[in-house]
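*Asks:* Please find one structure pasted underneath; my questions will follow.
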Amino acid sequence: MSSYFARAPRRFAGGGKQASSSCNSGPASGSHPADPTATAAQRVSDSIDEDIRKAAAAQQGGATQAIIILGQAESGKSTLQKQFQLYYASQTLDADRPSWRIVVYANLIKAVRTIVEELEYDFSQAYEEYPWPGPIDAGAENEFHTLRRDLLPLISLESSLTAQLSDGISFVGKRSASLFTTKQGLTRLTGTRPLGVLLDAPAAVVATNRAGQVLGMSVGAIEALWGHRMVQGLLRTRKLRLEESGSFFLGEVHRIAQPDYVPTTDDVLRVRLQTIGVVEHSIPVKTAGGTHLWKIYDVGGVLSQRAAWASYFDDVNALIFVAAISAFDQYLEEDPLTNRISDSLQLLAIICANPLLKNAQLVLLLNKTDILRRKLEAGIQIRDYIISYGSRTNNFYTATEYFRSHFLSAHKKRETFKRTLFVHLTSLVDVAGTQSVIASVQDTIIRKHVVRSKLM
Ligand SMILES: Nc1nc2c(ncn2[C@@H]2O[C@H](COP(=O)(O)OP(=O)(O)OP(=O)(O)O)[C@@H](O)[C@H]2O)c(=O)[nH]1
Ligand SMILES: [Mg+2]
């Protein structure tokens with residue numbers, strides 16, 4: 001039976017060369033009669049499909065499947081976990097929706113503060129370089145001072161929001177600071193107490209409502225700042241770099257500042273909340289005729305967090321590695337000399353060689369393709385950051401093929417367990433595209449389960 005994989009089953013033809021857009025196998029459902037005109041390979045594949053349906057039906061209340069999501073910080077692991085939640089238990093995401101309001105506010109305020117600090121810095125530098133009245137845009141500077149004055153009340157609320165989110169764990173208020181979660185997903189988002197409890201606490205309610213009110217009064221100033229020629233200029237020249245969530249929420253500030261604002265699915269997928277530790281989510285997966293439990297482990301990806309991963313490896317059925325291929329021009333925050341792509345490649349190689357994971361199905365998501373596309377369209381050259389890219393064309397197709405082949409060879413070099421690596425190109429903030437990837441991952445996992453149980 002194990003040779004079924006070598007024969008490239010119908011849905012995974014091409015040994016993992018599948019883009020998310022082309023992969024649309026949904027949860028197994030119903031049965032269909034054998035087609036007398038089918039080829040032998042087709043019949044084998046159909047027989048597996050039938051077994052998958054039977055296995056899914058037989059698993060009512062049965063075996064738990066454990067999936068671990070690995071990858072460097074900010075690659076999109078928690079976003080993938082939310083997409084799993086959306087696909088299998090969207091009602092739980094709906095229930096969580098209001099709780100994300102405080103995080104959206106915090107992300108937005110952090111972006112505003114980052115811009116204000118950057119402009120302050122730029123004006124101070126300009127004065128140092130050019131004695132007044134140098135080539136400085138005096139009009140812009142006056143406008144900036146007015147906006148800054150109007151925005152200071154909002155900016156001053158950031159620390160009270162992050163204090164609520166971190167449940168009293170100290171928060172570093174520097175530019176690179178980020179929010180973080182320590183326990184069970186959103187329900188145990190912020191430390192030892194469930195988020196619901198925290199949000200019911202008078203201090204959290206006061207902080208969130210206060211931020212909402214001040215945001216409502218600051219919309220004009222935020223829009224003026226975000227649209228200002230200097231800010232747009234700094235973004236174009238890339239002197240100012242914001243987190244993805246920051247740019248997104250700044251563009252949506254009018255909607256977010258409404259008094260009855262409740263985060264949408266898009267907002268929930270866009271928020272940035274750093275994961276600390278390993279967060280376990282249990283999701284009931286319904287397939288034809290049965291429900292079984294998937295445990296999904298979402299890990300923190302910064303260097304200091306990685307040592308904690310291995311203790312979760314031994315009972316894992318599938319490993320999903322998320323690599324942000326848009327990050328070719330970025331370096332690790334913890335180690336500014338290490339290019340993010342190079343870190344991802346090394347990490348994948350190490351993980352593939354880990355004997356604790358030898359029975360795990362491997363899936364690789366080359367993520368943030370939407371951002372990669374935008375960067376290439378803006379003329380950012382990959383070869384300026386990755387020398388081995390050489391004279392290749394700087395377009396989306398060539399770039400994704402280049403990254404795909406490098407990740408595949410990182411896997412091949414260290415793979416001693418003869419596992420296939422299933423690869424998908426993804427943009428994990430895109431619901432439709434990601435849902436087809438999740439359906440395919442489900443199919444992969446159940447297929448493996450069927451093959452293994454037939455071998456026993
Ligand atoms: N535009 C875009 N943004 C993405 C994509 N995937 C994730 N993001 C955003 O990237 C940010 C980081 O994503 P997370 O899921 O928090 O990253 P993570 O891997 O869990 O990071 P750690 O918890 O620090 O290890 C969030 O703001 C996401 O909304 C994508 O494909 N496209
Ligand atoms: Mg995370």
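Numbering starts at 1 and runs along the chain as displayed.
Cβ coordinates come from backbone N, Cα and C, glycine included.
So TrEMBL lists these for the protein:
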type     : residues                                                                               : note
REGION   : 1-46                                                                                   : region 'Disordered'
COMPBIAS : 19-31                                                                                  : compositional bias 'Low complexity'
BINDING  : Leu269, Arg270, Val271, Arg272, Leu273, Gln274, Thr275, Asn367, Lys368, Thr369, Asp370 : GTP binding site
BINDING  : Thr275                                                                                 : Mg(2+) binding site
*Asks:* Could you find out if DSSP has Leu269 (GTP binding site) as helix, strand or coil?
*Replies:* helix
*Asks:* Let me know the largest Cα to Cα distance in Å among the GTP-binding residues Leu269, Arg270, Val271, Arg272, Leu273, Gln274, Thr275, Asn367, Lys368, Thr369, Asp370, as an integer.
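*Replies:* About 23 Å separates the two most distant Cα atoms.
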*Asks:* So which of the binding-site residues is most packed in, judged by how many other Cβ atoms lie within 10 Å of its Cβ, out of Leu269, Leu273?
*Replies:* Leu269
*Asks:* Note down the number of other Cβ atoms within 10 Å of the Cβ of Lys368 (GTP binding site), including every protein chain shown.
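*Replies:* There are 26 of them.
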*Asks:* Just checking: which of the binding-site residues Leu269, Val271, Leu273, Lys368, Asp370 have a C-beta under 6 Å from ligand 2?
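*Replies:* Those binding-site residues that pass the cut-off are none, since no Cβ is under 6 Å from ligand 2.
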*Asks:* Out of Val271, Thr275, Asp370, which of these binding-site residues shows the lowest number of other CB atoms within 10 Å of its CB?
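*Replies:* Comparing Cβ neighbours within 10 Å for the binding-site residues Val271, Thr275, Asp370, Asp370 has the fewest.
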